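**Student:** From TrEMBL, for reference:
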ACT_SITE  149  active site
ACT_SITE  173  active site
ACT_SITE  246  active site
ACT_SITE  249  active site
ACT_SITE  272  active site
ACT_SITE  281  active site, O-(3'-phospho-DNA)-tyrosine intermediate
DOMAIN    1-84  domain 'Core-binding (CB)'
DOMAIN    105-294  domain 'Tyr recombinase'
């Protein structure tokens with residue numbers, strides 16, 4: 001079997017057996033197609049450690065980030081481990097593949113005061129009754145109030161919301177379901193949107209959708225539209241030119257820890273499989289505490 005065919009079989013395994021998201025499967029496929037191009041379309045059995053090292057070296061020469069190189073090395077290890085389990089190869093060439101260590105980049109986080117001002121301004125705009133303003137206010141309150149991923153927000157259906165309890169049922173990575181709280185301000189913003197904004201958007205749709213968050217034409221809103229909203233409103237208040245899609249998630253997690261939340265509880269809320277993933281926010285919280293100390297204490 002050649003590498004291209006094995007890549008497609010592996011992608012199917014990721015999708016149907018491991019039940020990874022379409023975006024994650026796409027990333028695996030992209031990495032392996034890049035490997036195939038670098039290897040020159042050779043048979044799977046012909047890929048050895050030197051081929052893999054050369055592939056990563058070329059990526060380094062292109063200026064790829066260390067995080068990208070680390071991800072590609074992880075992709076190779078996962079792929080060749082699977083290929084050996086499927087008896088497609090007799091030896092795993094990635095066993096001795098060493099990836100560059102990731103540099104620790106702390107998430108960008110907005111301050112509590114900045115978030116309060118931002119959300120207050122969107123609440124005031126929503127009071128005018130424009131359906132998009134109502135929707136955008138609900139989006140921002142829900143992302144910040146719950147810490148859910150943008151993809152999880154876009155996947156929410158009406159039946160997933162419990163407005164009485166202030167909770168939402170979300171489907172996270174690996175199709176894992178969890179219940180997350182979102183607080184009174186988010187509940188109020190959602191109620192206003194569902195009562196006054198969403199019906200206007202539903203009337204514009206050609207077909208019915210149970211989605212909570214709708215686009216201007218009445219269909220389920222896509223992640224890109226939410227990313228653009230978050231970037232547009234958050235970049236100015238954190239002083240960054242670009243903002244990642246998880247900016248409000250990072251901010252929510254850090255503010256939870258700042259307020260004394262247990263790390264395990266934050267892990268559950270965010271839907272992290274590993275506690276180590278959540279611990280990055282303890283570094284942010286500690287750095288913020290240290291900065292406050294240095295500014296405030298006379299002997300700092």
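Note that the numbers count up from 1, one per residue, in the order the chain is shown.
In case you wondered, yes, glycine gets a Cβ from its N, Cα and C as well.
TrEMBL: automatically predicted annotations, no manual curation.
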**Student:** With DSSP, how much of the domain 'Core-binding (CB)' (1-84) is helix, how much strand and how much coil, in residues?
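**Tutor:** Helix (H, G, I), strand (E, B), coil: 67 helix, 2 strand, 15 coil.
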**Student:** Measuring Cα to Cα, how many Å separate residue 149 (active site) from residue 246 (active site)?
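**Tutor:** Cα-Cα, rounded: 7 Å.
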**Student:** For the domain 'Core-binding (CB)' (1-84), what is the mean per-residue pLDDT, to the nearest integer?
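**Tutor:** Here the predicted model's pLDDT, averaged over the domain 'Core-binding (CB)' (1-84), is 90.
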**Student:** Cα distance, residue 249 (active site) to residue 272 (active site), nearest Å?
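**Tutor:** Here the two Cα atoms lie 12 Å apart.
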